[in-house]
Structures are given as structure tokens and as C-alpha cells.
Amino acid sequence: MLTVAILAAGKGTRMASSLPKVLHKLSGKTLLQRVIDSCNELKPDKIFIIVGHKSKEVKDSVFKNNNIHFIVQKPQKGTGHAVQVLSQKVKKHDGKLIVLNGDVPLIKGETLKKLIHYHDSQKADVSLITTKKKNPHGYGRVFAKDNLIEMIIEEKDCNNVQKSNLLINAGIYCFNWKSLSKIINTIKSNNKQNEIYLTDAIYLLKKSYSFEILDNGELQGINNRVQLSKCEETIQNLIKEKHMLGGVTFINPASCTVSEESIIGKDVIIDANTHIRGNSKISNNCKIGPNTFIKDTIINENCEIINSTIFNSVLMDFVNIGPYSHIRPNCEISSYSRIGNFVEIKNSQLDKEVKVNHLSYIGDSTVGKHTNIGAGTITANFDGKKKHPTFIGENSSIGANTVLIAPINLGDSVTTGAGSVITKDSQNNSLAIARTKQVNIENWKKN
């Protein structure tokens, strides 16, 4: 039986945030969820998440499944106390127990598997991951001989000589559950912080081993925003390298971000300052950016987007967007359509070869194929209480500076006169003009 305990009860005061530390995000996922995802690669029988500070928020953030359980640690008196609380709540202490913090988001499932294998090979009571750091500031120091641990001292309790030791405790343990259960509740808070340290279990167990790995960055804990930023950079580099090896060009990778969930096809060019978030999918031969933000959007082949923002929409093949377009949620823009500068579209469906080239707002609208929307066109869809739809048929031409007062239905091949305010439906093949007759006053002088 394999049990995992993730320690997520702390406040994270050094983050200087009202949000619990484990709920800060890296590339769209919370620190805690990243640790859970890595632990799930072990296929554990149960995962216990030890919560405390703002426990409801932490619980609500987790993607639930049947093997995840929550235990409240109150008050929070250290890592050893957290496992004491766990031990009192869990009736069976069989097999192995993995204990790790919820703020090590880069830890790999493969590394945890290696820890378990090492633990089994040594028939250990406890094995913990260690590594040598050039700058070990903030970490407890491990003192071992032939991988047998002699002592672990938290940095706060180290003297200057002990601080010179570079072998650190990564805070990731594999325990023999039965061995741990016999001694866990005997640990006391005999330290400057008046906390119960899990590391004190090392002295009470007979076979305590150091599993040393190279410092490749995955053991980085997060205690402040600087460390959060460094981890974000690490994750982003891995994501972008994967896409580049798969056939994507980044003009300036350092200025771009891509979510892990996003899918990008071959021969896509991502220009500088472009950010692709959420569950976005970009198909082959697209050009994206510069200065573009895309979230939860499907972009089909041969599209070009420049200096624009797109949320939760679908673009079919050969669509051109931008510069300075804003495509809001629930839009579908069909093939060979063109959305130009300073155009906002929301909750609308545009059929093939529709052109909205500049300075327009199209909301809650359906536009037929081959229709041209002139500059300055506005669909006035809100009456102060409700949103109303606009329907424009095929092969229509909406004149510049037209206002369409919804609800309204324009048929196929309808033309509106420039500067019109259209309030009534228009039938197929009609011309709609709604503006006052021009009056010229001769010999006019300003006062």
C-alpha cells in the first residue's frame, strides 16, 4: 500500500499575500495541484492533503478524485505535527508513506519513483531526497556517512560551521509506515521555533538513508515571489523547448509564455510578446504576434494574428486578425474572414469571407458570408436591461458609420447608407437609409 501526504497547511508569510502559498500559480496551475499531479504518477492508494490556513480555499482549488482526502492541522505546529495529526486520523499504517511539501511544484513523478525504489532496495525505515546546493540558504543541512544519516539540522538551528555543509534536505521523505507510526507521536518541540520537526524522526528510526540526486532545479521550494518567478521561467523554458523541437518557431522565446495545456502545430511562427493561455489549439502554418494574447481558443490552419486579444473563440482556416482587434468569448469566425484594426467582436458568428476591417463593434450577431462591414459600424445590442441579437444576411454591405439597433434582421444582399441608424428589418436586395436630409445654408458666418 502506498500513501502520500502533502503538507499544505502553512500561511506562506514571505509571499506577502492574502492567498495561501500553495494556491499561487505557475503557468496556470497552483503549486499544490502540480505536486498532486506528480504524486498521481505513483498511482498511490490514497493522497492526504494536510490543510490549515484558509483550508476551504485550498480544498476548493483541488481537482477532486476518489483517492484524495483532506485533514485539517490546527494549530500548525510544524511538519512533524502535521504527520502526527495524519497518524491519528489514519487507522491502518501499512506499506509506505511519501511525505512532501505542497510548495515543490517542479518535483517529477519519476524522481519520486526512484526514491521509492531506493527505499525498498535499502530496506530502510526512512529515505529522504538530498542534494548539494551551491547556495543552501533556507534549507536544513543533512549530515550522512555512506548514505546513512547521522543528523539533520534546520538552518535556523545551525551554527556557522554546520551552515557550511552543502548537502540539504529537500523535504521529501519515504517512510516505512509501521516504523514511523511507532515513534511519530513521541517527537517533541525541542527547538528555537517551538515546532515539531519531522526531521527528528530520523534520530528515532534505525535505518535512515540519504537518497542524493543532482541539483537540476526540480527540488526548488517556493517561499517568496522571487523563487516563484524563477520556477515560472524554468517551466516556460521547458514548454517552449518542447514546442520548438516539434516544429514551432519563437522569434523571441524569452518574451513569450505558453500554457502546458496548449497545443501548437508545425510551422507556426510565434512573434515577440505573445502569450498563449488555457486550452488553446493553434494548427499548422499560422503566424501569431507580436503583442498578442490568446486564451482558450481554437485557431485553424494558415491564420495570421497580430497585436490582438482573443478569448474562448474559434477561428477557421485563413482568417486574418488585427492589428488591435479584440475577439471576446463565444465567437466563431469562418474561413477567409478579415477582422481589422480597432474592431471588437463578442458572442458572434461570422460566415466565410466576412470583412470587418476597422473601427467597429459587432456583438450578439450573426453575419452571412461575403458581407462587408464598413468602418464605424456598431451593433447596438443592449437596451439597458437585455442583450438583443442582430442578423445580417449574405452578400450585404453595411455602410460606414452605420448603427444597427437590435433586435434587427437584415436579409441577403442588403445595403445600408453610410451614417444611417437602422431600427427596422430590411428584406433581401434592399437599400436601407435612415438619416436626415442634408441642408446647406448659404452665406453662413460664425458668431
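Cβ from N, Cα, C; glycine included.
Computed from a predicted structure; not experimentally measured.
Per Swiss-Prot, active site, proton acceptor is recorded for HIS358, and the stated evidence type is sequence analysis. Residues annotated as UDP-N-acetyl-alpha-D-glucosamine binding site in Swiss-Prot, with sequence analysis given as evidence: 7-10, LYS21, GLN73, 78-79, GLY140, GLU154, ASN169, ASN223, ARG328, LYS346, TYR361, ASN372. Marked as Mg(2+) binding site by Swiss-Prot on the basis of sequence analysis: ASP103, ASN223. As annotated by Swiss-Prot, acetyl-CoA binding site applies to ALA375, ALA418, ARG435. The feature region 'Pyrophosphorylase' is assigned by Swiss-Prot to 1-225, with sequence analysis given as support. Marked as region 'Linker' by Swiss-Prot on the basis of sequence analysis: 226-246. Annotation comment: Swiss-Prot describes 247-447 as region 'N-acetyltransferase', evidence class sequence analysis.
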ASN223 (Mg(2+) binding site) CB neighbourhood, other CB atoms within 10 A: 16
For the region 'Linker' (226-246), sequence-distant contacts whose Cβ falls under 8 Å of one of its Cβ atoms, 6 or more beyond its ends: 15, 24, 26-27, 105-106, 217, 220, 253, 256-260, 264, 266
Residue, out of the recorded positions LYS21, ARG328, HIS358, ARG435, whose Cβ gathers the largest set of other Cβ atoms within 10 Å: LYS21
Listed binding-site residues (ALA375, ALA418), ranked by Cβ neighbours within 10 Å, top entry: ALA375
Among LYS21, GLY78, ALA375, which are recorded as binding-site residues, the nearest neighbour of ASN223 (Mg(2+) binding site) by Cα: LYS21
Distance check against LYS21 (UDP-N-acetyl-alpha-D-glucosamine binding site) for the recorded positions HIS358, ALA375, ALA418, ARG435, keeping those with Cα within 10 Å: none
Average model confidence [pLDDT] within the region 'Linker' (226-246): 96
